[in-house]
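Below: one structure, written as structure tokens.
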Amino acid sequence: MNCKPLILCTFVAVAMCLVHFGNALPAISHYTHKRFDSMGGIDFVQVCLNNCVQCKTMLGDYFQGQTCALSCLKFKGKAIPDCEDIASIAPFLNALE
């Protein structure tokens, strides 16, 4: 029995699926671009998110934790908030009355 046509059809079908659904898969570079410092072993996005949680715990309703977390993801951890530095957390503060 000649299996070459079956193998060729399977290969073509897999290739078509990859082409069709390839855009749905995230690009690897999206997750590795300046997110992780390979020399120091630091994941900047994770540090940023942890600091957002810490600030939310410390400041409660005065701090917009979700907005802080979204900015960590959007900017890939480039602007890490420091709960004791008013300038770094100013965009996430609420003025409650």
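Yeah, the Cβs are placed from backbone N, Cα and C, and that goes for glycine too.
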Per Swiss-Prot, the disulfide partner of Cys72, chosen from Cys48, Cys55, Cys68, Cys83:
Cys48
Could you identify, going by Swiss-Prot, the member of Cys68, Cys83 that forms a disulphide bond with Cys55?
Cys83
Swiss-Prot pairs Cys52 with one of Cys17, Cys68 in a disulfide bond, so which one is it?
Cys68
Which whole-number value in Å describes the distance between the Cα atoms of Cys55 (disulfide bond) and Cys68 (disulfide bond)?
9
Can you tell me which of the disulfide-bonded residues Cys48, Cys52, Cys68, Cys72 is spatially closest to Cys83 (disulfide bond)? Compare CA atoms only.
Cys52
If one measures from the C-alpha of Cys68 (disulfide bond) to the C-alpha of Cys48 (disulfide bond), what distance in angstrom results, rounded to a whole number?
9
Give me the CA-CA distance between Cys72 (disulfide bond) and Cys52 (disulfide bond), in Å, as a whole number.
9
